[in-house]
Amino acid sequence: MACCLSEEAKEQKRINQEIERQLRKDKRDARRELKLLLLGTGESGKSTFIKQMRIIHGAGYSDEDKRGFIKLVFQNIFMAMQSMIRAMDLLQISYGDSANIEHADLVRSVDYESVTTFEEPYVTAMNSLWQDTGIQHCYDRRREYQLTDSAKYYLTDLDRIAAKDYVSTLQDILRVRAPTTGIIEYPFDLEEIRFRMVDVGGQRSERRKWIHCFENVTSIIFLVALSEYDQILFESDNENRMEESKALFKTIITYPWFQHSSVILFLNKKDLLEEKIMYSHLVDYFPEYDGPRKDAIAAREFILRMFVELNPDPEKIIYSHFTCATDTENIRFVFAAVKDTILQLNLKEYNLV
């Protein structure tokens, strides 16, 4: 009998040791894998940031991968021009050249989501439309309707994109717009640590899916598009995009789930802010702004303050960076700083510093 008990005790001890070893391993693995949750409203630059991580810290994009974006680039071109053609009617702008009415009808007749090629007569129609003085005036009034940020980038380079041997460049890929539906995870290794970056859809309809992502989040990276101070929401014509972004940020930083997560604020699209601030005045949309006009630095510092002031916890530091998600060198530099911040905070969490 004693022999049996001894065997049972040995087995129990072995099981206990196994459990303890597994728990230690789980804790070690949790420390080695850092979960970064990318949050922000639609079109703030989250997907572009993940693409940059793939370029900087991952496998990048092979020629085959690049070819996979060709169709999306074509669709973005049709989508952008169709948005402007619709806006021409809405804003009651006349075409500079009446021949472009026919070109507009041709482009309008296409279902952009089913576009797979970019050939004649569409190339000529697009080129002619983009050079039209009416369309250019319509482009200048883009804050009054929905137009992708990449419209000008693609439409000024139509001949390159329409070439028979066209393959998407990295910049084409970074600028292509495809709304994120569902949750995209991108894991990458850096200095023996696995970073798991999670991108969730920013449009309102996507936000109910976020709840699953809230466990064990090391850091939240919240993206704000600096250029959206004068724009309306995709989902609602009378709501300011930046006000929506502020409301979302306030909700996120007060969630109990994120009590122990560090918060990093990316004030993105600083390049677009620099262009826009020269003709669209911040004070017209945020009357409390009392800084100089046409001053991008003063404008972005004011926007940063607006977001930081939403933090109700004086103990919680909001780490912030001004970014341009389509600029690989800028993101390389910024993420190196972010990585150091996250690692330092993570070591403190595990009492290793």
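Here the Cβ of each residue, glycine as well, is placed from N, Cα and C on the backbone.
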- Task: Identify the region 'G4 motif' range according to Swiss-Prot, selecting from 104-111, 208-215, 264-271.
- Result: 264-271
- Item | Given ranges 95-100, 137-142, 143-148, 323-328, the stretch to which Swiss-Prot attaches the annotation region 'G5 motif' | 323-328
- region 'G1 motif' per Swiss-Prot, picked from 7-20, 35-48, 63-76, 231-244, is residues 35-48
- Message: Labelled region 'G3 motif' by Swiss-Prot, one stretch among 185-194, 195-204, 245-254. Can you tell me which?
- Response: 195-204
- Cβ neighbour count (within 10 Å, all chains shown) around Ser47 (Mg(2+) binding site): 22
- Task: Give me the non-local Cβ neighbours of Leu174 (GTP binding site): same chain, 6+ apart in sequence, Cβ-Cβ under 8 Å, ordered along the sequence.
- Result: Thr48, Lys51, Gln52, Ala325, Thr326, Thr328
- Task: By DSSP assignment, list the helix, strand and coil residue numbers for the region 'G2 motif' (172-180), in that order.
- Result: 4 helix, 0 strand, 5 coil
